[in-house]
Amino acid sequence: MAVGVVAVEGQEDRQYGGRITAFVVLSCMTAGMGGVIFGYDIGIAGGVSSMDPFLRKFFPDVHRRMAGDTRVSNYCKFDSQLLTAFTSSLYVAGLLTTFLASRVTSGRGRRASMFLGGAAFLAGAAVGGASVNIYMVILGRVLLGVGLGFANQAVPLYLSEMAPARLRGAFSNGFQLSVGVGALAANVINFGTEKIAGGWGWRVSLALAGVPAALLTAGAVFLPETPSSLVQQGKDQADVARLLQRIRGAGVDVDDELDGIVAANAAGAGEEERDGLRRLLFERRYRPQLVMAVAIPFFQQVTGINAIAFYAPVLLRTIGMGESASLLSAVVTGVVGVGSTLASMAAVDRFGRRTLFLAGGAQMLAAQVLIGAIMAAELHDSGGVGKGWAGVLILLIAVYVAGFGWSWGPLGWLVPSEIFPLEVRAAGQGVTVAVSFAFTVVVAQAFLSMLCHMRAGIFFFFAAWLAAMTAFVYLLLPETKGVPIEQVARVWREHWFWSRVVGPEPDNAGVGAGGGKL
């Protein structure tokens, strides 16, 4: 048996029916606005942080260094804790909001969290666009972070639970596609607003986050709740069956899928008084999922992607490119990110999660090593790199972004959203989002300082983590391709390592923990 791979015997017999209906596509597209805002907020911060009018108004020390202070190294021109606080405040707020969002998502449903997230996004976009001082700028980012806390909790679960089992990977990867579309939109808008005479283009960039926020907020009013959430809330099963029929298509037999959802909910019904997070943290049967809920978002952040995503224009200006050229290059890498995520959506349910993780990890590792080597050899404390080497660096950044876009980007959200039993699913997603936010804060706050002190060595730092996470996936992550979400618990009991942790299915259990009858 290959390390980390399980063969799920009889899996084909347990597949549920269902078509790709217009109803489910429209619902998931609307929910995906949460991902668009996430990507937009990531991309917009890096862009406006490289705009001279924005820097002059809010970060004058950084602007002075960029204006030609030769006493400061190329690697240190953007080293400002206040500037990184502008970026990371969004994720601090998201982290603090996550566990409240987990309770709302579990108790009130996925739609409630998406609505609250959309409302917070709207407020943050308004405050950011109207900012007159640094305190308003950061307050706007904090409000956007509150929105992310709710949206990132609910949207991946919503997509995973609405999707047909055989296409769950493609649908769930739609979240990362939405993130990529949002980041690309931010890069295009930054490139355009930078040219607005009068230097107020950054206001347009910050305020336009309100467009997808309005769509998410309005959509959450009309979206259907997921069948899994309705069962978890104790709604009438006849109503759930009718909704499931609309989702899967007229004439499709949904009885088996409904039975699986009810069975998954019943697995935890006798312990309702116990908090889902407490159960996840302390019960042995959930240990593999808990490890993944921590390890996958941690590894996703130490790929270095957010350092690139936040600061791509800043990084390109560091190597000597002009303001407009650096923003245009960020647009190009944004297009690459969206295209690679589309490729992932087409491939993930055919080739599986592990294959994409391993291939994408190797691609990013090679790109990071080459970027670090070129930076070390060509970029010194003053001056820039030649145009030829700058072009090579942009190409390598694009290769790196492509590797992330069809591996750790979408799969970092897909896998955690599909591995938890229903009774701890909201708590598990809460842990995943909290860990992601926590390490996003660390990377965002530390990157510019690390770039200043480590120089090109920072790229070798991220490369080492890429080697470690690729080995982790090879050894410890089982394949979940095509396994109905209510039955995913089985893959842990058949894995070479995790079977020793969780043990066999109890003989007296007609229903497996977190799954249907197996």
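Glycine too: its Cβ is placed from the backbone N, Cα and C atoms.
TrEMBL entries are annotated by machine, without manual review.
Annotation comment: TrEMBL describes 20-40, 82-102, 114-136, 142-159, 171-192, 204-223, 290-312, 324-348, 355-377, 389-409, 430-451, 457-477 as transmembrane segment. The domain 'Major facilitator superfamily (MFS) profile' feature in TrEMBL is assigned to 27-481.
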* Thinking of Cβ pairs under 8 Å, which stretch from 20-40, 171-192, 324-348, 355-377, 430-451 has the most of them with the transmembrane segment (142-159)? -> 20-40
* Flag the pair the transmembrane segment (114-136) / the transmembrane segment (324-348) as in contact if three or more Cβ pairs fall under 8 Å (sequence separation 6 or more). => no
* Structure fact -> Tertiary contacts of the transmembrane segment (171-192), defined by C-beta under 8 angstroms and 6+ residue spacing from its ends, are 28-29, 32-44, 47-48, 51, 155-156, 159-160, 162-164, 201, 204-205, 208, 212, 309, 313, 324, 327-328, 330-331, 333-335, 337-338, 341-342, 344-345, 348, 405, 409-414, 417-418
* Asked: Are there residues at least 6 beyond the ends of the transmembrane segment (204-223) whose Cβ is under 8 Å from a Cβ of it, and what are they?
  -> 27, 30-31, 33-34, 36-37, 40-41, 44, 47-48, 111-112, 114-115, 117-119, 121-122, 124-126, 128-131, 140, 144, 147, 151, 182, 186, 189-190, 193, 196
* **pLDDT averaged over the residues of the domain 'Major facilitator superfamily (MFS) profile' (27-481)** => 86
